[in-house]
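Q: Pasting a structure below so you can have a look.
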Amino acid sequence: MRARWAAWAVAWCACTAAAPFEPRASHSSTMPSPVCDPLLLHNPPPLPLNAREHEAAVVHTARALADLVEKGIADEARATALARAVARAPLSPMPAAVALGAPQLHLGVLYVSEPSRLIIFQQNNSATLRQFWRTLASAWNATSVVWSNAWFSCEKDEEGWWGGIAAARGTGPTRAAAAIFRRWSSLPCEEAMHDWLGEFPRCDPVTTECEASRALRDGERKLEYNCKCRPGHWSQYGGGWVNGDSLERNNRNPLTCTPCGMGSSATACLADVYRVGLLAANLAGMLLCVVIGLIIFRKRKCKAVAMGMWTVLEVVLFGALLMYASAASQYISVPKWRCIAGAWLRELGFVACYGSVVLRLWVLLAEFRTRKAHRWTPKDSEVLRVVGAMVLGAGCYLAAFTATAACEEDIGGCARAAWHHVTGAAEILLLLAGIRIAYAARNANVPFQERGLLSAALWAEAACGVWWRGVAWVANDAAPERWPVAAVARAHLSSGAALACVLAPRLWHGYRARSLAQEVSRRGPAEGFGAEGEEEPTSEEVRAELKRLYVQLEILRNKTIRRDNPHISKRRGGRKPPHRRFSLQALQARRGGKGKPSGGASVVEASEAGDASRTPEDSVCSVEGPSHYTDGDTQA
């Protein structure tokens, strides 16, 4: 039985080489058209952007037909209904024709969408129909889908460029095949077309692009060609397509384009001028991040910079630099590497920049919610470790993205828009988490209005992200990451929000403090430490004065800590150090009054004397221990 089914499959494939005969259609009979052998191309045609969706559709169709064959209910009516349903599938582009076949049942149908007609397989078919059946039979012995080369049909109903994808599923007597076909208005020129074009195309293969399409005028030639300058080149005909007939009439030489550069046409190379301007804007943004990073490192001990964790600020700058670089990567010539480099730089930069902003808000919230005498503050190293973990997680996700994009060379070298939608959703979730933390810390007293500025940066980026994904959704699931202008605008909005709201205020506060210090120094010694006419104090005098002020501030700080502090004992003097002993027996032994009648009075006096001798500084109950100062320390 297996050999019999194999013989039927061989007969089905071999019948495509039979003599041509007009097939019978389902709706009406037509007059036979003149015999015309199709033009077969040697190079594969460009695949659709959603090639994976076409492959999945043809595999599901073949599996559905195999299920019908396995159940024993496969016939022409059910096969026709299945072909019509697949032809109406929401694919882009829509299927132009669908073919189904099960050779063991002598079953083969071909449904053409425009004009709508049904063709039943038979041994005598036209030359064009044989190409449909050959494409369907090409996947019979294959385990994966098969993309066929394109062909040009010169018959009246099917005139134009055709191509398809086929797949077979099932085993043994239940195996079935399906094929989905699509059409093109034009295809790139190749050597197999020269006889149909009438001559060699007058297009320079180095500086121009050539495409062949169906001839609009009736004549001997079925094809005509058009030429256009490649990107970065210009000619006297402009940047559009030039018909081959006009080239033959006006000039016998091939169309040759000149690279854009010195002496080029400004109008023809306007797109290249825009590209150079956008690239310059991206490089300027990257240079600005480097300059600000050097300033932050130099002023890392400044109060405005140090209070904001200067290491975290450097990470924010590094993330903004990567986002600028992601827009600059749009000018890589290879589409696959352009897509991969743009995705890696954008997402790693986003996580480093806005992840640091979210963690800085978390630090402010942790400090605000700590209600203990010894306040817990996350260190810079802890924040950097969390940022590193976030970047590592983003790298794992991008590794999967890279593996997918590497397999998508047939759709322009970039992954499908679904990847970009998922990535955008993850970005918005991170921003919403940061906004939630900022709202929780709304009552915190933060210097330099840091919480409000960080929240403004998150809100601005969230609005831009939602708008960006909305544009991608409206544009028929087209990933806007492939548009250089849109990528540049997105990079400047994301990085600009971080630079304007996170770093610019701190640099401004630092500059203003420096300006005030310079203004005080310009007033002279008359408005300085002493009265008018005194000499300017020396460095030793300034150091002694500052030391006296610091000691006074430390004393006031300790007194403030002790005042109404619930963590210090209410007993007189508070908690005592471990080496202090105040028991009656210890005092009696120390005074030598043990067993004397007047011992009680002496103990009381000693206790009072000991209490009177203790200073407030000896009763400070904190981890810093008691502070001891002398009169010499408090005097200049």
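Each Cβ is built from the backbone N, Cα and C atoms, and glycine gets one as well.
Not measured: the values here are computed from a predicted model.
Grabbed the feature section from TrEMBL, which reads as follows:
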COMPBIAS  568-581  compositional bias 'Basic residues'
DOMAIN    272-505  domain 'G-protein coupled receptors family 3 profile'
REGION    522-541  region 'Disordered'
REGION    562-581  region 'Disordered'
REGION    588-636  region 'Disordered'
SIGNAL    1-18  signal peptide
TRANSMEM  273-297  transmembrane segment
TRANSMEM  304-324  transmembrane segment
TRANSMEM  344-365  transmembrane segment
TRANSMEM  386-406  transmembrane segment
TRANSMEM  418-441  transmembrane segment
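On this model, are these features tucked inside or out on the surface, and what's nearby?
A: Counting same-chain residues at least six beyond the ends of the transmembrane segment (273-297), those with a Cβ under 8 angstroms from any Cβ of the stretch are 266, 305, 310, 313-314, 317-318, 320-321, 324-325, 327-328, 331, 484-485, 488, 491-492, 495, 499, 503, 507.
Residues 308-309, 312, 315-316, 318-326, 329, 377-378, 383, 386-387, 390-391, 394-395, 397-398, 402, 423, 427, 430-431, 433-434, 437-438, 440-441, 444, 446, 450-451, 454-455, 457-458, 461, 481, 491, 494-495, 498, 502 of the same chain sit 6 or more residues outside the transmembrane segment (344-365) yet have a Cβ under 8 Å from a Cβ within it.
Remote same-chain partners of the transmembrane segment (418-441), defined as residues 6 or more beyond its termini with a Cβ less than 8 Å from a stretch Cβ, comprise 343, 347, 350-351, 354-355, 357-358, 361-362, 364-365, 368, 397, 401, 404-405, 451, 454-455, 458-459, 461-462, 465-466, 468-469, 472-473, 477, 479-481.
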Q: Which sequence-distant residues neighbour the transmembrane segment (304-324)? Criterion: at least 6 residues beyond either end, Cβ under 8 Å.
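A: Same-chain residues near the transmembrane segment (304-324) but 6 or more away: 282-283, 285-286, 289-290, 292-293, 296-297, 345-346, 348-357, 359-360, 363, 380, 383-384, 387, 447-448, 450, 491-492, 494-495, 498-499, 502-503, 506-507, 509-510, 513.
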Q: List, by number or range, the same-chain residues at least 6 past the transmembrane segment (386-406) whose CB is under 8 A from its CB atoms?
A: 312, 315, 336, 339-340, 343-344, 347-348, 351-352, 355-356, 359, 413-415, 419, 423, 426
Q: Just to confirm my parser: what is the rounded mean pLDDT across the domain 'G-protein coupled receptors family 3 profile' (272-505)?
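A: The answer is 81, the mean pLDDT of the model over that range.
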